[in-house]
């Protein structure tokens, strides 16, 4: 036993270069375990010159300068590797004043991850929380992402031929929410949802969204879209592609319009044929004709498809034609309309002109609703 302790003492001194009394102190504290004593010596701030420990028998220890075997790892190597890993996560370290062990240490800001590393983290986090990789399938237009289960009623068949079938009502959905299917596309410089705009990875407002994806959770903004329903989220890897906004889907016109060839919408005429004839006769008698002056016949094509022909003096004005139309069709009194010529097609804006001044003698006038 004494000889083994002397060998351990000599090897400790040879490895560390410490004095014999100090070496004996560390060995006695470690129960004469050489490896524990050496570890305690360096943890206590021993000599900075760390010498590689060979795994050979302790009878022949050399302090030569020959290169150590690749299979041997020193305490300094372990500490150095750990420091490198921490620097990658925490940022570069700087020392102000003194040496490495006595100076002030300053840790720089964390190193920003590249888009590739960020996308890898998102996919890795999603898989760790149950996401499954699937092949991309091209859907035909109009195909839904998930078939809807039948929720109606039906008849339960009887157990015997003479037993009547019983009607079974379908169960109503327990919630009023709607299922939402969203495609998350991860691009080179950002991400997009469905056919939306590009959102940058570096934008602080998107940090919470990306962190939720990495933890395998549905982001809050997608849960709000579902209104309590289920959210189906697909992730697509486009990290090697630049973002290109897809063309908007074609939407058919759903408004109202007019049939081609129709000058204006038709006006409903609720008057009976007898009442209409009476109104036209009354309107015609309201136009006072001076037989001593020149006269002309004006043909008027109404917006309701009707046609009127009335005699006027050359001195009558365009406003008189308007009054004649209103008297012949009382329903037109509450309708806004203009009078136009047929060829050339122009609006008769100045209704104070006489028929002769407006060159409307024996003309055809068209009524157009506005």
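Keep in mind that glycine also has a Cβ here, set from the backbone N, Cα and C atoms.
Annotated by Swiss-Prot as motif 'Nuclear localization signal', the relevant range among 95-101, 102-108, 109-115 is 109-115. Within the set 60, 176, Swiss-Prot records phosphoserine at 176.
Feature motif 'Nuclear localization signal', per Swiss-Prot, maps to range 172-175 of the set 164-167, 168-171, 172-175. It is 80-116, from the ranges 6-42, 80-116, that Swiss-Prot records as region 'Disordered'. Across the domain 'SEP' (179-244), mean pLDDT in this model comes to 87. The secondary structure of residue 192 (phosphoserine), as reduced to three states from DSSP, is extended strand. In sequence order, 184, 185, 198, 199, 243 are the residues near residue 192 (phosphoserine), counting only same-chain partners six or more apart with C-beta under 8 A. Cα separation, residue 272 (phosphoserine) to residue 114 (phosphoserine), rounded: 82 Å.
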